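K.L.:
Have a look at this one.
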Number of protein chains: 2
Amino acid sequence: MSEESSLLKGSTSMNDTMVEEVEERDPESNPLNEPLLKRNRTLSSNPLALVGAKVSYIESLDYEINENDLFKQDWRSRSRAQVLQYIFWKWSLAFLVGLLTGIIATLINLSVENIAGYKLLAVVNFIQNERYLTGFLYFTGANFILTFVASILCVCFAPTAAGPGIPEIKAYLNGVDTPNMYGATTLFVKIIGSIGAVSAGLDLGKEGPLVHIGSCIASILGQGGPDNYRIKWRWLRYFNNDRDRRDLITCGASSGVCAAFRAPVGGVLFSLEEVATWWRSALLWRTFFSTAVVVVVLRATIELCHKGKCGLFGEGGLIMFDVSDVSVTYNVMDVIPVVIIGVLGGVLGSLYNYLLHKVLRLYNLINQKGKIYKLLLSLSVAMVTSICQYCLPFLAKCTPCDSSLSEVCPTNGRSGNFKQFNCPNGYYNDLATLLLTTNDDAVRNIFSTNTPLEYQPSSILIFFALYCILGLITFGIAVPSGLFLPIILMGSGYGRLLGILMRSYTNIDQGLFAVLGAASLMAGSMRMTVSLCVIFLELTNNLLLLPITMIVLLIAKTVGDSFNPSIYDIILHLKGLPFMDANPEPWMRNLTVGELVDVKPAVISFKGVEKVANIVNALKNTTHNGFPVMDCGVVPTIGVASEATELHGIILRAHLIQVLKKKWFLKEKRRTEDWEVREKFTWVELAEREGNIEDVAVTKEEMEMFVDLHPLTNTTPFTVLESMSVAKALVLFRQVGLRHMLVVPKYQASGVSPVIGILTRQDLLAYNILTVFPHLTKSKRK
Amino acid sequence: MSEESSLLKGSTSMNDTMVEEVEERDPESNPLNEPLLKRNRTLSSNPLALVGAKVSYIESLDYEINENDLFKQDWRSRSRAQVLQYIFWKWSLAFLVGLLTGIIATLINLSVENIAGYKLLAVVNFIQNERYLTGFLYFTGANFILTFVASILCVCFAPTAAGPGIPEIKAYLNGVDTPNMYGATTLFVKIIGSIGAVSAGLDLGKEGPLVHIGSCIASILGQGGPDNYRIKWRWLRYFNNDRDRRDLITCGASSGVCAAFRAPVGGVLFSLEEVATWWRSALLWRTFFSTAVVVVVLRATIELCHKGKCGLFGEGGLIMFDVSDVSVTYNVMDVIPVVIIGVLGGVLGSLYNYLLHKVLRLYNLINQKGKIYKLLLSLSVAMVTSICQYCLPFLAKCTPCDSSLSEVCPTNGRSGNFKQFNCPNGYYNDLATLLLTTNDDAVRNIFSTNTPLEYQPSSILIFFALYCILGLITFGIAVPSGLFLPIILMGSGYGRLLGILMRSYTNIDQGLFAVLGAASLMAGSMRMTVSLCVIFLELTNNLLLLPITMIVLLIAKTVGDSFNPSIYDIILHLKGLPFMDANPEPWMRNLTVGELVDVKPAVISFKGVEKVANIVNALKNTTHNGFPVMDCGVVPTIGVASEATELHGIILRAHLIQVLKKKWFLKEKRRTEDWEVREKFTWVELAEREGNIEDVAVTKEEMEMFVDLHPLTNTTPFTVLESMSVAKALVLFRQVGLRHMLVVPKYQASGVSPVIGILTRQDLLAYNILTVFPHLTKSKRK
């Protein structure tokens, strides 16, 4: 107790010693717990995070309904027709999100299949004519150019388009505004960059980018168009708020997953399990609608493209592994290989997370040096990939074709399961089958069933080793990249290898082993269960696989969880995004919000009718986004004329800036009437977040005038008593989706302020609290 | 405004006028909005609801963590080993829930298939020998006895075992304690009753009962055994709280659905979409584990029972419609019949809901008359069912067998698609195929694919009409009954009929039409989407059906929602269970919690160290379950010696009764030390909810003694300002899972009480609020 009180004696002095103490530590001592950014070690620090490649100020979103007079007025005035209009547009937007995501996904697939297809056809031609060097130069040259296009776009125009985008979307849906994530430029770069990067044969997928693309489409549609060309339709104003945008982006993310895997239910569940923080039944059902539309679009385009009408685009590269005709037979003893795969997946998945984290930290150092370094990094990775893909197959021995199989062997076309490569007729090169093809085809080939002798163990081993290295070095480069495909490739590698080793022991098909390996590594790295299971169910179209898939996923996740958090959580932490976890830490029960408030600077509050000068000063000198509004007076309910302070509510910085901009000033100190504020402000304007206090010019005369803050104040803020534990406050904050939480005193007396502090997202993050209350770390370890 | 203030003048006088006003209304004028129970029209009314057949006092559950000193002590003292033990047992319980649900589901299937099978075989024998009357007597007699067993058990031993149990589970997971729902007797009666009722050929399923059975198993396991024989193991104490019980029951409900349809993902989603109110990722994953266990158990038992080892039990009656081999071809124009099915499903589903509601009201009147009436009702319904099932097939003409089909025709066994019944050799009776069989087989037969000419339209029409009537009259009788199967039978009827009518127009198989019809009626009545879709996906094992299933479900739900709420919501409302909806009503934004508190009786609070007499009086004279605890004193933080009141927290009735029972009284008015309370109470004891104030005897001497309430007070109650809108308060209440919500004043002054009221679940229900503030109804209609 004495230790604690001495710690809390003065917040400034303590913070100084804290900073010193922290900097003495070896920054690499516990790298998983240290984000890339160095921050001030006080609860009142400015929140910063990496978005794209840039360090940005991070703000919270207003998911809470701001119930001020204007809102209530607007709400009451909505007619039944307007409500119906809102519902109609809500569904139309969900429809459009699905439609556009489906179309863009088809376009990407079409481009990738054609670009990569013609590239591979040319290379195969060169090889058939034994012009190996020309083939090599053509292959690497084409991949160089494609990577260059993808990378230069990302580096110069939209740094936020690099990577999968899923962690940022996850943070956004948790309530963190991630700037520049959902613009038209980002969307454009993501589409083109994704086509380039995937066609270049890099070890990355289009799945993550598609999730981001879906979210971009949703966000742009919701605000009526790209930032500078927004349609200002009347009905759109209803969607110009963080809540509706959140719902739309959830639909977009689901549509993206659905488009990537043609897995409508899997897409919905992916959003539910991995991406979204809040969820309600109504949203489940709207998201489902979006994914249904995507599936219909995909089906329709495949029908349209039937029989070579769309160049080399065939089945759309979507269903990667349809095993609905394969009879799956397994008995109780097959549980042993299944358990082995699960454990391996968990161990390798967490190892992958650990190593990838290291690589990303290293890449971050390189990327920080400048744009040219970013570009060079991407191009070197592309070169390494191309060289390996082209040269390694020469190491493999040629295998004679098995005439008992009905498939064509050897094949020389763009796809096919038995690539001839450098082999004589009647023979095929099994490593070329896996490497010199698109990633989608590689997955299809390694998943192939009823071909137990197709691959030599050495070839699979080379394949696995190569994709382990590529999977680690590719993800962090400046191109749009998804994590699903690299993990599937790695996982299928060791899965199939295990299948070959266990051939004599079990009669589970090797293709199924590969599938299970992929599933286990995904569960071991991404730690999803139900959604992964459904995605695999929809990919394989075979329900009999479900029980063993479930067991593999459960084991892999459990094993992985005992080592480190999921890859997305690691990236979130690395980027410094203030993500709020569902479960409070145990030590949070021993800390009250009152103690948190004590180490923060005193709260700045306004009177109901406040002087302009005070407002301007407060806005200029602080970065707070919310200010309590209080009135002094006499309590009407009790007879005695006692001096009382009334908490009227909380007002947002954005609204104060609007007031200053519009110069809604009063000469005398008085309360305004309803119509006065309605004349000046509309609800639509208040929904805008733009505006900076530096842009506002207030004359000296105006400084002495007054503003009536009452009509703009949110009169229904969520409050907690100072004795509330941080654990419960966190649950409230997250569940209700707050931005500001007012702390009120547990005492009722004259002279006590009705608000003793405001807590925000940053104040409730375990990491931030522990830097101020380091003694809690000990109790945590106990 | 004046209208409002006059309304609020005095709560008692207003309530009187309110009651009169309400009773003047025609009680049948708006039947859907009137629960069966007549209640007092004040917010402080005692909550009553129908559980089983009995009107019970309904209490809320304590999902909020009661953070009092004892809890914190207990929490801090938990060693790492204990935490691991807790996690281990949490998962073990999830495993056991899955295992036992799987085994019991198999047992039920085994019994049903054997009982119903041998019964039908005997009947078929009589018919073959043209002993029609004997057959009739045998058939009706057997069904009579089976129904009698099921019904007498339900009526005499466990009235809560009647019906599906899903609405009560839904209410439980929403925070309403439904007494006697999860006992061992209920479980036993539910199992035996379900076997009897399903074997008797009644128009009901085992799906709903299985959900209830799963929940019972979960609850009994969680508390360490049946009520009177509970194992008092140390680790079990961790599960003896409402939160952990809620999680277990969620696992149980999912396992039940999974066992009913062999749909593990569907089971999880059913809980998520339809049953559960709170959900978190960790629970998703534990639930999934339970359903995985169920699937493995089901698979294992089917393997064990292979080839007639378990009597007539074959594939387990579980996969009702495996169409994985049927090639589904459809084009864009097939959208039209799909849309028609969807619209029909929505219209018929909501009509079914409407009519079923009427029937249930009528049945309730009959059931209230006494046990013998309940029994007679069940038996009459069973007789009507048996007579129709036996006699109607005689109306159908015999159809010649189609020799081009590979199936056996005609069949005389227990199952089979072409029943000979009364027809000559080479002919079959299509109506007997649908009626004189188990419900599972009836579904399988009407779903049969590639048999376009099997059924005459007139037969399907008779089948549909019969099951419409049976579906309405069967559900409310006193036997365990599920709603899924009757709805599937009805839906498949009109689906197949539509398929026959559209034969020339589309090439979608008639079997698929039947499936889509069943799906549409389920969506139209139960209003589920994602979970139904996945259940149908897992039932049909054909992914190509997914897009059209989705469209049908979306349309049916939309159409149905525009007429009335889902059938479960209707039953919840009918039973008077205080279910809290996710979305607040729009008019709730215009009402503050302060206004709600004003119409309630003044709050009764205790001092930190309170006189025993005051506690006893308060407990005897009120039915409140929570009391605020306040201290008077001087605020330590501000220097001036101002008179202050401190809100210490809230104490539960159950804990006060424990104090009185244990006579933890103090001679003098003083605060106790930590060890004093730990000596007397353990955390385990405080988790018990039993105890009645009437059972407590306090002597006159003791009445003058004191109790220190501090260590037993939950110091972190959730609070809202009196200016908070009801809409937001409701969101908080539901999202965080509260039982009591303290309303604190927005004023800060001496002499103001720190708590001006307590709101509970009943106070926040739209229905209750509207009876006190009828003017809001008008604004609602506007």
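Glycine too: its Cβ is placed from the backbone N, Cα and C atoms.
Copying in the features that TrEMBL gives for the protein in this structure:
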COMPBIAS  B:1-16  compositional bias 'Polar residues'
REGION    B:1-35  region 'Disordered'
TRANSMEM  B:86-112  transmembrane segment
TRANSMEM  B:132-158  transmembrane segment
TRANSMEM  B:248-272  transmembrane segment
TRANSMEM  B:278-298  transmembrane segment
TRANSMEM  B:336-355  transmembrane segment
TRANSMEM  B:375-396  transmembrane segment
TRANSMEM  B:460-490  transmembrane segment
TRANSMEM  B:511-537  transmembrane segment
TRANSMEM  B:543-560  transmembrane segment
DOMAIN    B:713-779  domain 'CBS'
K.L.:
Count, for each of B:86-112, B:375-396, B:543-560, the Cβ pairs lying under 8 Å from the transmembrane segment (B:336-355), and report the range with the highest count.
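P.N.:
Out of the listed stretches, B:543-560 contacts the transmembrane segment (B:336-355) most.
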K.L.:
Between the transmembrane segment (B:248-272) and the stretches B:278-298, B:375-396, B:460-490, B:511-537, B:543-560, work out which stretch tops the count of Cβ pairs under 8 Å.
P.N.:
B:278-298
K.L.:
Across the domain 'CBS' (B:713-779), what are the DSSP residue counts per state (helix, strand, coil)?
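P.N.:
Breakdown, helix to coil: 27 helix, 14 strand, 26 coil.
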K.L.:
Considering only the recorded stretches B:132-158, B:278-298, B:460-490, B:543-560, state which has the highest number of Cβ pairs under 8 Å to the transmembrane segment (B:375-396).
P.N.:
B:132-158
K.L.:
Any residues 6+ beyond the ends of the transmembrane segment (B:460-490) with a Cβ under 8 Å from its own?
P.N.:
53, 147, 150-151, 154-155, 159, 161-166, 189-190, 193-194, 196-197, 202-212, 260, 348-349, 352, 355-356, 359-360, 363-364, 367, 374-375, 377-378, 381, 384-385, 388, 392, 395-396, 431, 434-435, 439-440, 442-443, 446, 496-497, 500, 518, 521-522, 525-526, 567
